[in-house]
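Enquirer: Here it is: the structure, laid out below.
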Amino acid sequence: MHKKILVLGAGAWGTALALQLAYKGHEVRINSWKAEHNDQMLAEGNNQKYLPSIEKFPDTLKAIQNWQASIEYFDDILVATPSSGFKKTIFELKDCMLPHQNIISATKGFCHDTYALLSEIAEDIIPNTKFALLTGPSFAKEVANKLPTAVVVASKDIEYAKYTQKLFSNENFRCYTTTDIIGAQVGGAVKNVLAIAAGIAAGMDFGVNAHAALITRGLAEIKKLGLKLGADVETFMGLSCLGDLLLTCSDNQSRNRRFGYYLGQGMSIEESLHKVNNVVEGYSTAIAVYKLAQKHEVDMPLVFATYRVLYENVDPKDMVRQLMTRQLKNEN
């Protein structure tokens, strides 16, 4: 299999996946929405801004400026933008995509204005295009450095999921498939909010007991919301939910966890965002999850508490006190 792939989004994650595709021998072009960033990648053959550990791109990976002008060249489009830019990117693709082209998304989150799943946004805007989601426990730097990684490809079309699986998989990068695109998206989005909570707990030196409790009860919250939205129960114990939650809550490669850690250390939201100096998906996703939980009458104490710290100026210490002293209940 030798394909031509366009990658839209040149952050660390988009670049890591572009590298993985190039390692497989595909011909890959990557685009950043910032012209000066594209200029840097074209001139130096790397992504010094977001993935400086990779000194040189393979020959099969190059930056591209005006991707719209050469869209007919590509077999598939990989969207790896922040969730805030996903809808705009899909609208741009609608105007120029050809019938044989399909979309793979590596973006985690919900639509920022409607709180819809990103797959729903893509299906509404470009209804006859196949859509697959690549998600799971995967830090960009480790993928780029060819460390063993396992992820999930979710699509309503199992044949397109299998196609995408083969597109990416090699001895360092293993893809599983699922048709539960709802559960895969809910897990990948909500875990970013919970990672902020885990970071707050770490910043306040709460220890590993609290960390274990947060992950376990956080998984229960993901499951409750996911089932309400139509997910399969088996998905929550897999890579896209439990796996991604464990990774993102437990390691400081996670921007969401680092952001929460700085909050737990007493920094303001503005100071914490500035210190991370990159997109913190969980910060905006917290609004969407909070609104969805209210709409569907799902009780999500950890998510609600994190939302209140982020948007209602609640002190993290008060958040913890409220969580620990609320009404006692059965675990299930």
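Each Cβ is built from the backbone N, Cα and C atoms, and glycine gets one as well.
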Enquirer: According to Swiss-Prot, Trp13, Lys34, Lys108, Ala140, Val279, Glu281 bind NADPH; which one of Arg174, Arg255, Arg308 is listed for that same site?
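Expert: According to Swiss-Prot, the candidate sharing the NADPH site with Trp13, Lys34, Lys108, Ala140, Val279, Glu281 is Arg255.
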Enquirer: Can you tell which of Lys49, Lys191, Lys317 Swiss-Prot lists as binding sn-glycerol 3-phosphate with Lys108, Gly136, Ser138, Asp244, Ser254, Arg255, Asn256?
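Expert: The candidate from Lys49, Lys191, Lys317 that Swiss-Prot ties to sn-glycerol 3-phosphate along with Lys108, Gly136, Ser138, Asp244, Ser254, Arg255, Asn256 is Lys191.
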Enquirer: Given Gly136 (sn-glycerol 3-phosphate binding site) and Lys34 (NADPH binding site), what distance in Å do their CA atoms have, once rounded to a whole number?
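Expert: Cα-Cα, rounded: 27 Å.
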Enquirer: For Val279 (NADPH binding site), which of the binding-site residues Ser138, Lys191, Asp244, Ser254, Asn256 has the nearest Cα in space?
Expert: Asn256
Enquirer: Who sits close to Ser254 (sn-glycerol 3-phosphate binding site): which same-chain residues at least 6 apart have their Cβ under 8 Å from its Cβ?
Expert: Phe139, Ala195, Gly199, Leu247, Thr248
Enquirer: Return the residues near Ser138 (sn-glycerol 3-phosphate binding site) by Cβ distance under 8 Å, restricted to its own chain and a separation of at least 6 in sequence.
Expert: Ala16, Thr149, Val151, Leu247
